[in-house]
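Student: Structure below; questions to follow.
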Amino acid sequence: MPDSTPTHAQAAMAPQAGWQSLVADWSSDQRAFKSASWGKAMMWIFLLSDTFIFGCFLLAYMTVRMSTTVPWPNPSEVFALEIAGTNLPLILIAIMTFVLISSSGTMAMAVNYGYRRDRVKTAVLMLVTAAFGATFVGMQAFEWSKLIHEGVRPWENPLGAPQFGAAFFMITGFHGTHVTIGVIFLLIIARKVWRGDFDQERRGFFTSRKGRYEVVEIMGLYWHFVDLVWVFIFALFYLW
Amino acid sequence: MSGMAPGADQAIPPAETAEVELYHPHSWLTKYVFSQDAKVIGIQYSLTAIAIGMVALVLSWLMRLQLGFPGTFSFIDANTYYQFITMHGMIMVVYLLTALFLGGFGNYLIPLMVGARDMVFPYVNMLSYWIYLLAVLVLVASFFVPGGPTGAGWTLYPPQAILSGTPGQEWGIILMLLSLALFIIGFTMGGLNYAVTVLQARARGMTLMRMPLTVWGIFTATVMALLAFPALFVGAVMMLFDRLLGTSFFMPTLVEMGQQLRYGGGSPILFQHLFWFFGHPEVYIVALPAFGIVSDLISTHARRNIFGYRMMVWAIVIIGALSFVVWAHHMYVSGMHPYFGFFFATTTLIIAIPTAIKVYNWVLTLWRGNIHLTLPMLFALAFIVTFVNGGLTGLFLGNVVVDVPLSDTMFVVAHFHMVMGVAPILVIFGGIYHWYPKITGRMMNEAMGQFHFWVTFLGAYAIFFPMHYLGLLGIPRRYHELGEMSFVPASAHDLNAFISIVALVVGFAQLVFLFNLAWSLRHGRLAGGNPWNATTLEWQTPETPPGHGNWGKELPVVYRWAYDYSVPGAEQDYLPQNHPGPARGTAGTAA
Ligand code: HEM
Ligand SMILES: [Cu+2]
């Protein structure tokens with residue numbers, strides 16, 4: 001009945017919008033987030049907790065940057081590369097950031113194809129994402145070795161405050177670990193997608209539960225989060 | 001509609017998610033040891049926590065022996081005393097109370113009380129326990145390494161925590177920090193499960209506002225822990241780096257024995273902020289589950305609906321939120337801008353409002369209730385008294401001007417033992433006496449329980465009440481002996497000896513409790529499915545102890561809140577939550 005005005009009953013059944021629907025969901029039974037599966041809800045809450053970890057790390061970095069009396073090295077000089085005779089400040093980090101942001105793009109596409117149950121494209125895009133991630137970690141390793149070569153250590157720093165090296169290695173290391181873990185899981189899930197585990201409802205080795213394509217999206221949540229954190233590290237460490 | 005029960009005033013919505021696939025244990029090993037069943041994991045958590053708690057208890061005896069009879073025990077010197085207080089404090093707070101409330105009670109009760117078959121991710125939940133066990137083992141290992149466990153105090157303040165001169169500087173502090181980091185990782189795995197199970201895996205009809213307060217308390221505490229532990233994790237990682245790599249996050253420029261150390265430029269206050277951003281919420285992480293459990297104990301054993309259920313829920317949530325903005329009340333003597341002191345004192349005192357509401361509501365629930373002085377009820381009553389006592393001294397310490405002279409005295413020791421030591425422990429005992437019949441199918445022995453209760457309750461007062469007085473005299477905390485101080489009257493030494501003797505007696509009573517736990521397993525009176533005539537879902541399981549998957553074939557459907565006691569006209573004076581029929585009380589009156 002496309003033309004008829006909604007009856008009272010229909011109006012009551014119609015999905016509510018905005019705050020009302022929020023209140024309705026939370027005062028309902030069974031689930032507070034109606035559209036989120038268990039796995040997704042869990043990932044969101046985990047990311048919230050992880051946000052606090054990174055938040056504490058970054059606040060700690062700012063605090064020691066203020067507490068030390070030795071001058072802080074100038075990031076655009078420290079993170080400059082000599083390429084073909086020209087001195088390019090922050091060039092490596094710009095490329096790294098670009099790579100990581102691009103990987104978020106391919107991840108988003110993988111999620112999209114995952115929902116269309118396009119096995120091959122999903123798996124390939126996840127592999128590309130993983131490759132971007134691995135490139136990022138590789139470039140970070142290069143940057144670490146360059147700094148180490150210049151004498152920067154967690155405990156000392158010929159360029160200025162020792163807290164610079166300490167905070168740099170700790171925070172980028174912690175973030176790099178996140179990326180590395182992400183790459184590992186991307187590979188594992190890409191393999192499952194490729195093999196068709198989610199189409200055949202094959203059971204997981206450890207959990208003995210059937211996986212679903214949704215895992216791709218949950219993986220995506222994590223990956224975008226790691227990306228977002230990088231933006232903050234980039235802004236607070238390299239640009240400040 | 002077929003799903004609607006006769007008389008229900010409100011249709012129960014159909015199930016939104018398909019039945020979960022349960023994992024099926026194939027061997028004895030996967031059924032009882034590497035089990036993914038939340039009930040088994042809960043019991044594993046509880047037993048491990050109690051075991052390590054016994055270590056902390058023994059340490060408290062040793063400390064008390066030293067304080068009561070200084071110089072008598074040659075194996076306790078200043079160094080070992082520091083190690084004892086540190087390990088005692090940390091074990092009690094983190095490895096006993098947090099693990100027991102969230103890992104133990106949380107695992108056992110959440111799925112049962114919200115009507116789920118298990119936690120949402122049983123495998124991750126299992127890992128949580130094993131990492132916790134590993135954390136405990138690492139902690140225990142620190143007793144056996146060269147130099148012994150750390151003696152930095154449970155607050156682990158740098159720079160002293162990692163400098164020579166503090167016992168355990170060699171290995172103890174490293175193992176302590178590692179163990180904490182492990183604990184946090186393990187807890188996070190479990191905590192995500194508890195939170196998501198409550199949010200997303202409730203039974204049909206189980207709205208958030210029909211959940212028993214036990215679940216509310218544990219749930220809120222879990223969310224708090226997920227947000228507070230990160231600060232401790234970061235602090236632990238950074239201190240590990242300071243100790244192992246020689247970074248200077250927390251280390252200022254220092255001179256030791258005339259030598260300048262390689263450290264410099266760090267901020268010791270930064271650690272205090274990180275620690276207390278965790279540390280204060282931690283107090284409520286152990287208090288909120290206690291609040292929740294005690295509400296249910298009181299309501300059940302006084303046969304009366306909880307007074308002001310909605311108020312109770314909101315009070316829990318508000319306390320949880322506020323406790324993230326009060327942390328610096330632990331740092332008044334660290335030096336801070338007076339405006340900050342003002343801010344933190346104000347927020348601290350504001351928390352007293354929702355807390356007081358809860359106390360009033362407990363008392364009003366008891367008012368004209370049909371109070372059965374069962375063991376759980378005795379412990380619940382003892383909790384209220386003790387908690388009020390500790391809460392009142394908290395009001396003193398929350399004010400900057402009062403705290404400054406009292407800081408680092410025995411008054412503080414008395415305060416926090418009352419409010420976060422004795423009070424939650426009493427609830428744990430009450431909870432165990434209450435749920436033991438569900439877990440084992442048998443009642444705990446009443447005579448031993450009465451003995452345990454009276455000795456523990458009166459003993460705890462005899463131990464900690466006089467400490468207020470000692471603190472007001474100015475007797476410092478963390479001193480292994482008082483020596484000759486002109487302001488300490490001779491009677492204070494006698495008082496100390498008295499406290500120590502009582503502490504030994506109270507400790508002995510705990511052995512009786514442990515014996516009772518084991519004894520009743522075989523010889524306790526058979527309990528039946530619902531010995532307390534309680535309304536909440538865990539008492540309505542088809543089997544006792546509940547089987548794997550909790551509910552047999554049919555998941556329960558919830559028609560009412562958890563507090564329909566003394567219902568006029570009801571056959572048995574109460575209506576279980578899954579009882580169809582006219583709803584009563586505040587929940588379910590939507591029609
Ligand atoms: C049998 C009962 C207990 C006795 C006799 C006892 C005794 C003591 C003593 C003598 C101290 C050291 C005071 C000092 O010299 O500064 C202490 C410290 C402490 N206790 Fe207990 N305690 C008991 C139970 C608990 C419980 C259940 C908790 C749980 C919260 C707890 C938490 C602490 C903490 C956090 C410290 C501070 C450690 C430090 O200063 O670093 N205690 N206790
Ligand atoms: Cu506090």
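Note: Cβ is positioned from N, Cα and C throughout, glycine not excepted.
The feature domain 'Cytochrome oxidase subunit I profile' is assigned by TrEMBL to B:22-559. Residues or ranges marked as transmembrane segment by TrEMBL: B:40-62, B:82-110, B:130-151, B:171-192, B:213-241, B:283-299, B:311-333, B:339-363, B:375-398, B:410-433, B:453-475, B:495-519.
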Student: What residues elsewhere in the chain lie close to the transmembrane segment (B:130-151), defined as a C-beta under 8 angstroms and at least 6 residues from its ends?
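Tutor: Same-chain residues near the transmembrane segment (B:130-151) but 6 or more away: 34, 44-45, 48, 52, 55, 79-83, 85-87, 90-91, 95, 99, 103, 161, 166-173, 175-176, 178-180, 182-183, 185-187, 189-190.
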Student: State the non-local partners of the transmembrane segment (B:311-333) in its own chain: residues 6+ outside its ends, Cβ under 8 Å from one of its Cβ atoms.
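Tutor: Apart from its flanks, the transmembrane segment (B:311-333) reaches 209, 213, 216-217, 220-221, 223-224, 227-228, 269, 272-273, 276-277, 279-281, 283-284, 288, 291-292, 295, 340-341, 344-345, 347-348, 350-351, 354-355, 357-358, 361, 397-398, 400, 403-404, 407-408.
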Student: Given the cut-off of 8 Å on Cβ pairs that are 6 or more apart in sequence, determine whether the transmembrane segment (B:213-241) and the transmembrane segment (B:339-363) share at least 3 such pairs.
Tutor: no
Student: Take the transmembrane segment (B:40-62) and find every residue of the same chain, 6 or more past its ends, with a Cβ under 8 Å from one of its Cβ atoms.
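Tutor: For the transmembrane segment (B:40-62), the list is 31-32, 73, 76, 84-85, 87-88, 91-92, 95-96, 99-100, 103-109, 125-126, 128-129, 132-133, 136, 139-140, 439, 503-504, 507, 510, 514.
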Student: Note the mean pLDDT of the domain 'Cytochrome oxidase subunit I profile' (B:22-559), expressed as a whole number.
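Tutor: Value for the domain 'Cytochrome oxidase subunit I profile' (B:22-559), mean pLDDT as a whole number: 94.
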